[in-house]
Amino acid sequence: MTLQMPDINFTAMLPITIILITAVLATILGFFTTRRNIAMLGITGQVLTLGSLFFLWDQNLTSFAGALQLSNVSLVFAGIILIGSILSQLTSLDHASRSNLNFPEFDIILLYGISGTLLIAFSGDLIVMLIGLEVMSLSTYVLATLQESKRSEEAGMKYFLLGSVASAILIYGIALIFGATGSFGYDSIRQAIASNTFQNEILLLTGSFLLLAGFSFKVAMAPFHQWTPDVYAGSPTIVTQFMSIVVKTAAFAGLISVFLKALPGADWILPAQVILALTMIGGNMAALRQAEIKRALAYSAIAHSGYLGLALLANPELGIPALLYHLLGYTFANAGAFAVVAMLQQDDRGILIPKMRGLYYRKPLHAISLAIFLLSLAGIPPFAGFVAKLVLFGAAFQSGYIAMTVIAIVTSMIAFVYYLRPAVLMFMPAEEAQTLEDRPFPNSTLTVLASVAATVVLGVLPNWVLSLFDNPIVQQAMK
Amino acid sequence: MIHLLMYIPAMAALLLVFTPGATKKYLAIAGTLLAFIVNLLLWQQGGADTTTAPWVPTLGITYSVGLDGVSLLLTLVTSFMSLLCVLYAAFNVERPGPMLANVLLMESGLLGIFASRDLILFYIFFEATLIPALVMLAIYGGPRRVQALTKFAVYTIIGSLFMLLSMIGVKYYSGAASFALADLLAKPLDPKVQTWLLLGFVAAFSVKLPMFPLHGWLPEFHEENHNSGVPDVMGTLYKVGGYGVFRFALPLFPDASEELRIVLMALAAFTTLYAAWIAFQQVNWKRLLAYAGLSHMGLVALGVFSMNEIATTGALYLLAFQGVYMGALFLAVGMVNSRTGSVGTHFGGLMDDAPVLSGLTMTLWFAAIAVPGLAGFIGEFSVMLGAYQVSPWLAFLAGLSVIAAGAYALTAYQKTYWETKPQGTTLLKDISGLEGLILVSAVVVSLVYGIYSSPAIALIRPTVDRLLQGLGG
């Protein structure tokens, strides 16, 4: 009798293995060394993982019979996730002690969370995706609560309770999809739907609606977005930064894989349109009334989920590059913005927007960089956000979703008001001098400078990234 | 050379950040002077042919720039006025550093606008002028600037986004390979989709032109800006709406422009009259100038939308030179303010103490209200003449604004400069050498181009002819 070996491709597991080994090492070393060393170890591990992605480029590897898929698109997703996580860990180096997070467990949990996000990006079936999502979510719940403060405990609790419900909804959805198609793998689900070899269409539809609802929670789309402002505002700022970039990118990676790879034939376009419209309108309108910068950025994150969701509707060969480009620009802008907020805030409650008045005269570089990030988020040239919105809205427009494009454009006009208000306030002479801590934050400054550079370069030379997608292998992967 | 022209000011602005306080002003002056000289050289060479290079090929965005006659004239005016502004600001504004940097950035943006031959590139420069304008208003603005700023930002950005939507639409419906103007013109659009695309462009350009009912931001923007008038000059310069309509909207949407011609002209004629009427009631020089500018811009719009060659030439002539004399008037208001501490029109008696300043200001006002022999007359007269051939009634209506202009300008001038001086005020200083140089050079330009207009017309005319032939008109 011949032994049936499972299909395991160790090369394909390289990125996840590196990050897991780093995490385990960090866990062990955490007993012996300082938090700073652990964080440096974590950053090294993430940089190595990022490097391994270049090695895997264009190889289109799979493992475990397709349960892990390393297409170029998923590699780009993983790359954006890692850039975001490196930036947030770098920022955390300066602020952990002030935020009462100065223990190695913080970085260790962060690393486990990142391994979950990579699992989502490389997932080839629903179960792997779910495992990744749960690893990521559990880490984030803990990160949100880790600080010993009522606000952060409340935030973590809220996140945990609502997040569990969302996970449950997702699992029901997965179960129903499995019931309808008899498979968990993205490819076989798609084939089953395409060849119409299944009986129960209602099961499939209900399943995809449940999946849509579950993911809408994870990426903060209306009407499942209610947790976002409270959790963002209540969590320590460095955790908020992580959530707003890494978790969101990962959740979008999962959303895109499931709906474009597994369920392109199912009938979810109409509910998705309703959800996206609600998200764009609700997020932007609510952001107008925020007086606190972290809450405003939380609503901005909701609004951006709406724009990003347009990629779901558009033709994949237009939508996916647009989505990735937008996520990249958004990662840098948000990482930078939260890093600036972390440097300026007195405590983890963030800063009231009116208090930012006159910042330029005391901290000119902070003010200029924050203004650049806000302008990029608003989509004003020559920053990354402009090209991102151009490609994203263009993709939706060219795929025939004209009404959605108009909603997106009109709501981003509304958005200008709340992005420009703090951006401009900072340049006005202050009426009263605010006391500001005059401590250097070398690592956060590095994050900010890197983000400014990336935001400008991506805005002026977008071709560097966009040409990645001209590659025929990428084009193939997107279809 | 053309790239040099576009980026010299921006590079100077960047360098300003790293230079210590005292040398800032000289660096800024050097930057604008150099840009002006480069511009003159370009003029001598007869402009620059359009060069196109791919920029973001995946999206069809090209880096396409060129300078033909119209653009050349407008860039000349821009670099000339920027030079005057920097000269004035460097020695008359406290803490001039950020203002100089912003003026330089704005100059680059404006030169970019006039040089772009690609829709997205144009859009980027169009928006790029917004940021320095906002920052100047934020740093140097008056007490109610937040409101002015919000209004200004919301109006312009909303307009621009409609334009962006139209731009995406133009490329999509024409099926052209890129956003380059030449590519788009090679593939005419179906008349059916032209109308709404044109309306998108008109929405954006009417904000910046500005035209009723999208002018709401204008008076407050000028009123709240710094008293020196420097930000206002740059503000009058980027009224690039008229140019945008001429360069992009008309050639891209010939059928829709033809169809909407009378409606748009009527709106423009109404704007001129309406603005003149409001200008008459102003007691603040800056608001008065804002509305006067609005009235002139209505004439520019009337000329451009009429699609008549004389009117269009006149409109562009007016657009170019109103930048000079209105800009200089804003600076003159700044000079009055630095002496009297007010920008109100009620002051009185300035003529007694500062006759040179008053005389130069009066000449500039004469240029603004289109007294023959000064630059304003040629522009306004040509607009009227051409518009009359298209619609006599609308031309007549707009013509009333010329009379109204005389009324509002002279009433206000008389109050500030001629009426008796309030008792107990100290003797005011007359104009300084630098201020004199600035105003005199603006007066000279207005006078020369009021008498000898053919060099400017020769620049404008070929472009206009080529464009209108393309429209079959």
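Please read every residue number as a count from 1 along the shown chain.
Cβ from N, Cα, C; glycine included.
Any TrEMBL annotation is an automated prediction that lacks curation.
The domain 'NADH:quinone oxidoreductase/Mrp antiporter transmembrane' annotation in TrEMBL covers B:116-400.
Sequence annotations record features per position, and here TrEMBL assigns transmembrane segment to B:6-22 (among others).
Residues 1-2, 4-5, 8-9, 11-13, 15-16, 19, 67, 72, 75-76, 79-80, 82-83, 85-87, 90, 96, 100-101, 103-104, 107, 111 of the same chain, all 6+ positions outside the transmembrane segment (B:27-45), place their C-beta atoms under 8 angstroms from a C-beta of that stretch. Sequence annotations record features per position, and here TrEMBL assigns transmembrane segment to B:27-45 (among others).
Here TrEMBL flags B:65-90 (among others) as transmembrane segment. Beyond the ends of the transmembrane segment (B:65-90), by six or more residues, the same chain brings 2-3, 5-6, 9, 25-26, 28-29, 31-33, 35-36, 39-40, 42-43, 47-51, 96, 99-100, 103-104, 106-107, 110-112, 114-117, 121, 228-230, 233-234, 237, 243, 246-247, 316, 319-321, 323-324, 327-328, 331, 334, 434-435, 437-438, 441-442, 445, 456, 458-464 to within a C-beta distance below 8 angstroms of the stretch.
The transmembrane segment annotation in TrEMBL covers B:120-140 (among others). Within its own chain, the transmembrane segment (B:120-140) is flanked in space by residues 55, 59, 61-65, 93, 98-99, 102-103, 105-106, 108-110, 112-113, 148-149, 152-153, 156-157, 160, 163-164, 167, 179, 204, 208, 221, 224-226, 231, 234-235, 238, 240, 244, 248, which lie at least six positions past its ends and keep a Cβ under 8 Å from the stretch.
As annotated by TrEMBL, transmembrane segment applies to B:152-173 (among others).
Among the features that TrEMBL reports, transmembrane segment is placed at B:193-212 (among others). Outside the transmembrane segment (B:193-212), and at least 6 residues removed from its termini, the chain residues within Cβ reach (under 8 Å) are 126, 155-156, 158-160, 162-163, 165-166, 169-170, 173, 218, 238-242, 244-245, 248-249, 252-257, 259-260, 264, 267-268, 270-271, 274-275, 294, 297-298, 300-301.
For B:262-282 (among others), the entry in TrEMBL reads transmembrane segment.
Distant neighbours of the transmembrane segment (B:288-307): 206, 209-212, 215, 218-219, 221-223, 232, 236, 239, 241-242, 245-246, 250, 257-258, 261, 264-265, 267-276, 278-279, 282, 313-316, 318-319, 322, 326, 329-330, 333, 345, 368, 376, 379-380, 382-383, 386-387, 390-391, 394-395, 398, 401, 404-405, 408-409, 412, 468, 471, 473; these residues of the same chain sit at least 6 beyond its ends, with a Cβ under 8 Å from one of its Cβ atoms. Taken from TrEMBL, the feature transmembrane segment applies to B:288-307 (among others).
Remote same-chain partners of the transmembrane segment (B:314-336), defined as residues 6 or more beyond its termini with a Cβ less than 8 Å from a stretch Cβ, comprise 70, 73-74, 76-78, 80-81, 84-85, 88, 92, 222, 227-230, 232-233, 236-237, 239, 242-243, 246, 285-286, 289, 292-293, 296, 299-304, 343, 347, 350, 357, 360-361, 364-365, 367-368, 374-376, 378-386, 416, 431, 435, 438-439, 442-443, 445-446, 449, 453, 456-457, 460, 464. Taken from TrEMBL, the feature transmembrane segment covers B:314-336 (among others).
Through the fold, the transmembrane segment (B:356-378) approaches residues 292, 296, 314, 317-318, 321-322, 324-326, 328-329, 332, 335-336, 350, 402, 405-406, 409-410, 413, 417, 430-431, 435-436, 439-440, 442-443, 445-447, 449-451, 453 of its own chain, all at least 6 residues removed from its boundaries and within a Cβ separation under 8 Å. Marked as transmembrane segment by TrEMBL: B:356-378 (among others).
Listed as Cβ neighbours of the transmembrane segment (B:390-411) (distance under 8 Å, sequence separation of 6 or more from its ends, same chain) are residues 261-262, 265-266, 268-270, 272-273, 275-277, 279-280, 282, 288, 292, 295, 298-299, 302, 306-308, 311, 365, 368-370, 380, 383-384. Look at TrEMBL and you will find B:390-411 (among others) tagged as transmembrane segment.
If you look up TrEMBL, you'll see B:431-452 (among others) marked as transmembrane segment.
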